[in-house]
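Annotated features, as they stand in TrEMBL:
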type	residues	note
DOMAIN	10-150	domain 'Gfo/Idh/MocA-like oxidoreductase N-terminal'
DOMAIN	163-288	domain 'GFO/IDH/MocA-like oxidoreductase'
Amino acid sequence: MATTQQSYVLRWGVLGAGWIASMMCKDLVLDPAGRDVSDVAHSISAVASRDVAKAEKFIADFAPKGAWAQISGQVKELPVAVGSYEELVAREDVDIVYIATPHTKHFSAGKLALEAGKNVLIEKPCTLNAAESKYLIDLAKEKGCFFMEGVWTRFFPLAYKFQELAFNGAIGDVRQVFADFGMAFYGMLPESHRVFNAELAGGAQLDLGPYTMLWAILALYHHPKNNLGEPSRISSSMVPHPTTGVDLFSTMTLDFDNLVARANLTCNTVITTPADVCVRVVGTKGSLILPFATSRPTSIVLRTNTTDGPLAAEYKEETFDFPIQGFGLHWEADSVARSLRDGEKENPRMPHAETLLTMKLLDTWREQAGYKYPAGLEATL
């Protein structure tokens with residue numbers, strides 16, 4: 001880790017060279033001043049792929065001059081391509097490993113990095129089940145390493161404002177959350193694609209479902225009147241792919257008795273969510289609406305009821321806009337940098353307990369909906 005007069009610099013090792021890794025690296029290239037950040041910056045030390053040529057091309061395409069700390073001259077060394085994950089986690093110039101592999105490889109990659117004594121940011125879903133996630137969290141504590149699941153949307157300024165409006169009485173008592181995330185992949189992508197491939201733990205819920213769950217967690221689980229009470233009841237179902245068996249449509253309801261509230265969560269890989277509403281939080285005095293996308297909203301619409309009673313239908317409307325520089329992964333990266341700068345082993349915005357909660361909910365969904373991983377996919381612990 002490097003500290004300069006300008007900012008604290010976090011040195012990243014990127015494990016995996018797919019799409020989400022490219023989005024992260026393109027965000028790390030951006031000048032932090034564009035998001036009013038001056039206390040932290042980032043450099044990319046190395047990118048690892050089992051095919052070193054792929055890692056070389058990745059760097060050439062997305063970070064040929066490195067991240068902002070390298071572009072601005074705070075760090076002199078440029079990113080290097082490495083052809084093995086083992087080589088990446090052994091590098092002394094890597095402070096944290098960003099695991100951006102398909103989620104079937106999250107556990108093994110996370111274990112490799114932690115056993116090497118590296119801090120870890122691992123893409124969502126953290127692993128394939130709660131037991132695997134707990135193993136990695138316990139290993140991180142044993143090794144004295146920082147560990148976090150990368151639920152990037154949590155770190156949006158919009159997400160903080162969303163919670164403020166949900167908690168401050170602007171819409172009264174929160175009673176319902178509706179969240180949907182659909183992407184029209186069915187018929188467009190081959191069955192071998194990770195979205196539909198059972199051997200890659202494909203399906204809507206593991207890929208898109210965590211985003212719908214996020215808004216329920218932020219609005220209901222975090223609500224001060226809920227006292228961090230876990231859902232009182234869970235009900236789940238799915239529509240399977242006709243040949244691969246992964247879920248095309250999934251539904252989950254979460255009841256929070258402390259609030260007399262329910263979350264209705266849906267996701268699918270068949271039809272795209274309409275752009276006007278992907279999340280709706282309904283209270284006794286109004287509602288909050290997030291337009292598409294569920295993972296990357298850029299505005300909040302606050303509707304406040306202007307008439308009372310059970311049939312109240314008239315309202316006034318106010319919109320809060322939150323433009324995003326780049327893709328939006330940089331807010332998460334900045335928060336991780338601050339955690340490491342300050343010596344934190346877990347991030348208060350994305351604590352270990354909430355990773356375990358999310359994974360337990362996903363385990364329950366699989367059990368209730370009848371989603372079964374192929375034999376041998378989950379780690380034997």
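A Cβ is built for glycine as well, from the same backbone N, Cα and C atoms used for every other residue.
Confidence over the domain 'GFO/IDH/MocA-like oxidoreductase' (163-288), given as mean pLDDT on the 0 to 100 scale, stands at 98. DSSP states for the domain 'Gfo/Idh/MocA-like oxidoreductase N-terminal' (10-150), grouped as helix (H, G, I), strand (E, B) and coil, give 62 helix, 31 strand, 48 coil.
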